[in-house]
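What TrEMBL records for 27-451 is domain 'Amino acid transporter transmembrane'. What TrEMBL records for 30-49, 56-77, 108-132, 139-159, 165-181, 193-216, 236-255, 275-296, 316-340, 369-386, 392-412, 424-448 is transmembrane segment.
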Amino acid sequence: MADGEHGPFHEIGREEDAGAAFVLQSKGEWWHAGFHLTTAIVGPTILTLPYAFRGLGWGVGFLCLTVMGLVTFYSYYLMSLVLDYCEKDGRRHIRFRELAADVLGSGWIYYFVIFIQTAINTGISIGAILLAGECLQFYFVYPDIFIYFLAVQIMYSNLFPNGSLQLYHFIAMVTVVMILLSQFPSFHSLRHINLGSLILSLGYTFLVVGACINAGLSKNAPSRDYSLESSQSSRVFSAFTSISIIAAIFGNGILPEIQATLAPPATGKMVKGLIMCYIVIFLTFYSAAVSGYWLFGNKSNSNILKSLMPDEGPPLAPVWLLGLAIIFVLLQLFAIALVYSQVAYEIMEKKSADVKQGMFSKRNLIPRIFLRSLYVIFCGFIGAMLPFFGDISAVVGAVGFIPLDFVLPMLLYNMTYKPTKSSVAYWVNNSIIVIFTCVGIMGTFSSVRKLVLDAKMFKLFSSDVVD
């Protein structure tokens, strides 16, 4: 397209765009993008990988994990190329929705991406608050592990000797902390937090791996069975559910917004950040999947930490080690919720702030505090009300992550670079589009099926999270 003919969603007047000027400040280096991307992908969801292997087995599980890693790296690499191409053409895009609408030339795609991004980002924010509340609840249920927060333990023991606090109380505590953290004004201002998040992800992964090895070599090691389900139909549904879980774990859906934080020119910088991120992915994903599935086999829980702390009998690993891992998970969840809230904050800022008045002016500060607090309260309320949100998130992951991370990047590349029909890129990209569209449909069906099967366990404001 010629300059000025990029449709109604071409980004103009960036100097008057408060969302761009305040939230998506372009000041970062490539390693900052690596921190953001790692936080967006490498989170406590990697502790569900043994559960995903349960529906696939060793060989297929390894294959799916490797293929998904290669495909997502390729997908994100293609999207960074498209973003670089647009920047060289004088059209630097800092939002996924506007990039898609510009390249694909269709107004409906703009609203489609907004809907999918909002569903994913809000869902992850809710899930992070819910899981953080569950981590906090764990410490009060197992007070001997709570040595790291002794003062709070004593306070709780005195005020609530019978342990009357419910999960939603802990979610409320997490929500209060999140309200305070949500006031970091820009994505770039999270760079140090996200460096900490990267270190935390390595920390709890290696702690869990060590716990699994220790448990597997001990005399109390659980019996292991790696067989799949006996019913053919159940095996098929479990396999597609597992594939959807792995796809969702690799997904992020906010790569353009992360690349927007890079100081111009951004060309080539995102690839370095991707490489950093995938080094961390290699170190964490495989070690967590292998050690957890090796120890528990087809009895793997949706969270390795839960499997290491059975309802009956002693923990399978040292209490201090499990406690430290949960502290790391809890702290990283705050960073994850912050990262995935940035798209919502950018939309709020664009509509409510006056870029001429300055980021910290009273005119902009009061609406920011109010709107972000309201958003966090909403996420906390939904997490407390729907502690079975994990099943809903599985559906959102299948419907959302696959279009944004496996389909749209291929389409954007094909439309931008127009590879010939005889080229390898053309056939590889279209094959990925077809295959992952089918996987997304089957994954959605399987996730909805699990949601229906688990429905009998659902209870509003329950203190138990449905796996």
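The backbone N, Cα and C atoms fix where each Cβ goes, glycine too.
Those TrEMBL annotations? Automatic predictions, nothing curated.
Under 8 Å from some Cβ of the transmembrane segment (236-255) lie the Cβ atoms of residues 37, 40-41, 45-46, 48-49, 51-56, 60-61, 64-65, 68-69, 72, 76, 79-80, 96, 116-117, 120-121, 228-229, 270, 281, 285, 339-340, 342-343, 393-394, 397-398, 400-402, 404-406, 436, 439-440, 442-447, 449-450, all in the same chain and six or more residues away from its ends. Relative to the transmembrane segment (193-216), the listed stretch 275-296 leads the set 165-181, 275-296, 369-386 in CB pairs under 8 A. Here the transmembrane segment (275-296) sits against the transmembrane segment (30-49); at least 3 CB pairs are under 8 Å, leaving out pairs fewer than 6 apart in sequence. Tallying C-beta pairs under 8 angstroms between the transmembrane segment (165-181) and each of 30-49, 108-132, 316-340, 369-386 places 369-386 first.
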